[in-house]
Amino acid sequence: MTQTITTQTIGLIGSGMLGAAMARGWLDSGILTPDTLLIATRSGTSDVPGVEVVTDPQALVSRCDALLLCVPPDALPNVKMHAPNLPILSVVAGATQDRLSSLFGSARIIRAMSSPAAAQRLAFSPWIASAASTAADRQLAQHLFGALGKAAEVTDEHHIDVFTALTGPVPGFVAACAAAMSNHARSEGVPEEIATAAVKQLFLASGIAMTDDPRAPEALVQEMIDYAGTTAAGLSVLRDGPLRNALADGLRAATQRAKTIAE
Ligand SMILES: NC(=O)C1=CN([C@@H]2O[C@H](COP(=O)(O)OP(=O)(O)OC[C@H]3O[C@@H](n4cnc5c(N)ncnc54)[C@H](O)[C@@H]3O)[C@@H](O)[C@H]2O)C=CC1
Ligand SMILES: O=C(O)[C@@H]1CCC=N1
């Protein structure tokens, strides 16, 4: 679906792994062009082709209709910018709406999370708007993040920390699952190269299959157990085993870290 090009100019602060991916996604979608996207980085350089780059984030304030922060959490205090009259969006892990408002002077805060899959427009980007955010701010957030894959407004700021753990890292926890499966194959004597290729193909196919199927993953597992074949024997063991809790423990630990990383 061709995205409508927003008529607003967006100032992106930070153009590293995530910022550059988001910029590429916006330019690829057509929602932004080199005339409606400006970037500020410490070095004044960016890997994003054709987009103007400045070193002073404050220079974006007078030229942009909205700003998006994409710097490391510990770099936030070093972003010297005061933008009381602009909506400020952020994908900075752990940076709360209150902290962002106090740092940059705006009450209109959209706190979000995305992932480097934004470059392929395959990210999941949840976002939450502060009470002072306008309807237009919310529409802009959904527009910008929706152009990078799927986006959803949440109403509990804690869920941004949950998604920082769950969908922020790509491949993240899914790579950990893939590694466990590949290591199993190797323990059965399968050569590493073949085990790796097999598991990567499995996750590619499985992602497409689950995307095409409207049912929740739980239903897909149950369907295979009900089929009562070889997979059922394994999934039954897995369902009664420690996998769920182990994965939840990992995600919970990452969620908790998200709450402290920007302090
Ligand atoms: N890399 C990832 O997979 C994900 C990262 N994030 C979040 O995105 C944010 C950025 O992370 P990465 O892109 O990985 O970091 P990075 O280290 O790759 O890039 C950081 C960028 O910020 C710029 N920067 C740093 N201090 C600055 C300042 N004072 N003024 C202007 N620009 C400044 C750097 O020049 C660089 O362009 C972090 O808050 C991280 O938690 C969120 C989800 C996924
Ligand atoms: O690991 C991190 O800190 C960043 C935030 C979410 C994904 N990557």
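For all residues, glycine too, the Cβ spot is worked out from N, Cα and C.
Because the structure is a prediction, the values reported are computed rather than measured.
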Hey, TrEMBL has NADP(+) bound by I13, G14, S15, G16, M17, L18. Any idea which of T36, T41, T45, T55 it lists too?
T41
Span of I13, G14, S15, G16, M17, L18, T41 around NADP(+) - largest C-alpha separation, Å:
13
Starting from the NADP(+) site formed by I13, G14, S15, G16, M17, L18, T41, give every other residue of that chain whose CB sits within 8 Å of the mean position of their CB atoms, in sequence order.
L12, G19, A20, I39, S46, C70, V71
Nonlocal residues around I13 (NADP(+) binding site), in sequence order (Cβ under 8 Å, 6 or more apart):
G19, I39, A40, T41, P57, L60, L67, L68, L69, C70, V71, V79, M81
Which site among M17, L18 has the most other CB atoms no more than 10 Å from its CB, taking these as binding-site residues?
L18
